[in-house]
Amino acid sequence: MKILRPKDVKTKGMRQINVRGGSQRVLALCLLFVHFESLPYGERLQGSTMKDADIKRLFYVHIFCIVSIILTTFIPSFFLEDFSVLETHLTWLCICSMCVAIINVVLYLQVKPNPSSKRSSIFHKISRLLKSCVYFFISCLLFHAIIVLYGAPLIELMLETFLFAVILSTFTTLPCLCLLGPNIKAWLRVFTRNGATSIWDNSLQITTMSSVIGAWLGAFPIPLDWERPWQVWPISCTLGATFGYMAGLLISPVWIYRNRKQLTYKSR
């Protein structure tokens, strides 16, 4: 009696079955399942539950930032006479920058991802704080220079231009300092292609770009002959940066949540 081998078995209308290849795939899947089951429960949930938890924390932080900006538009009117965003715009710029800075520092340091397990010395913390302050001030000067190069008055309205640079640095540089620290290499990594290693990095990318684009779009109505109070320098630009920043705060958690299955991060 002739015994048929698996490779000799054929069925009409069907392809030849490769039993050896199928058994290897089954063995590989079994080994993968055993490896997955041997992992701690927290590591198994890292790609799903942990990411969803980070998205929730990111969303709550962004909501607090948006609320703080909204509150700066009317709460100062209870303490300051004739306060308004347009009429006393420089005062509002100072208040808004201060409130957003405080909210960013407090919240981002509380929910900072991957905190260092090593206890830093007081000297190291003070050095890190001073370096962050220097970086923020340099960012303000750089933004001021870029704004002047784009056509802002060099000497006239210098205070207005510098406060515009301050609030732009508050929307862009300060979150980077809170999450990444005074680390230029980490900043360059985040803002390069495929450089994000967490959803917080994606959030920095979106909010920074939206703030800068909003400020750029806000400059378009200035030369138009509409004679509106918000066309005075730099009101439209600061409002554009503020709306762009708030839009980025709303868009980034939604975009990350919708693309969470496609987002993969490499540890660096």
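Heads up, the Cβ atoms here are built off N, Cα and C, so glycines get one too.
TrEMBL annotations:
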TRANSMEM  58-78  transmembrane segment
TRANSMEM  90-111  transmembrane segment
TRANSMEM  132-155  transmembrane segment
TRANSMEM  161-181  transmembrane segment
TRANSMEM  202-220  transmembrane segment
TRANSMEM  232-257  transmembrane segment
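Within the chain carrying the transmembrane segment (132-155), a Cβ under 8 angstroms from the stretch's Cβ atoms is held by residues 161-162, 164-166, 168-169, 172-174, 177, 181-182, 219, 233-234, all 6 or more beyond its ends. Long-range contacts of the transmembrane segment (58-78) within its own chain (CB-CB distance under 8 A, at least 6 residues past either end) are made by residues 84-85, 91-92, 95-96, 99-100, 103-104, 107-108, 111, 199-200, 203, 242, 245-246, 249-250, 252-253, 256. Beyond its flanks by at least six residues, the transmembrane segment (232-257) meets 55, 58-59, 62-63, 65-66, 69, 85-86, 89, 93, 96, 147, 152-153, 157, 160-161, 163-164, 167-168, 171, 199, 202-203, 206-219, 221-222, 263 of its own chain at Cβ-Cβ distances under 8 Å.
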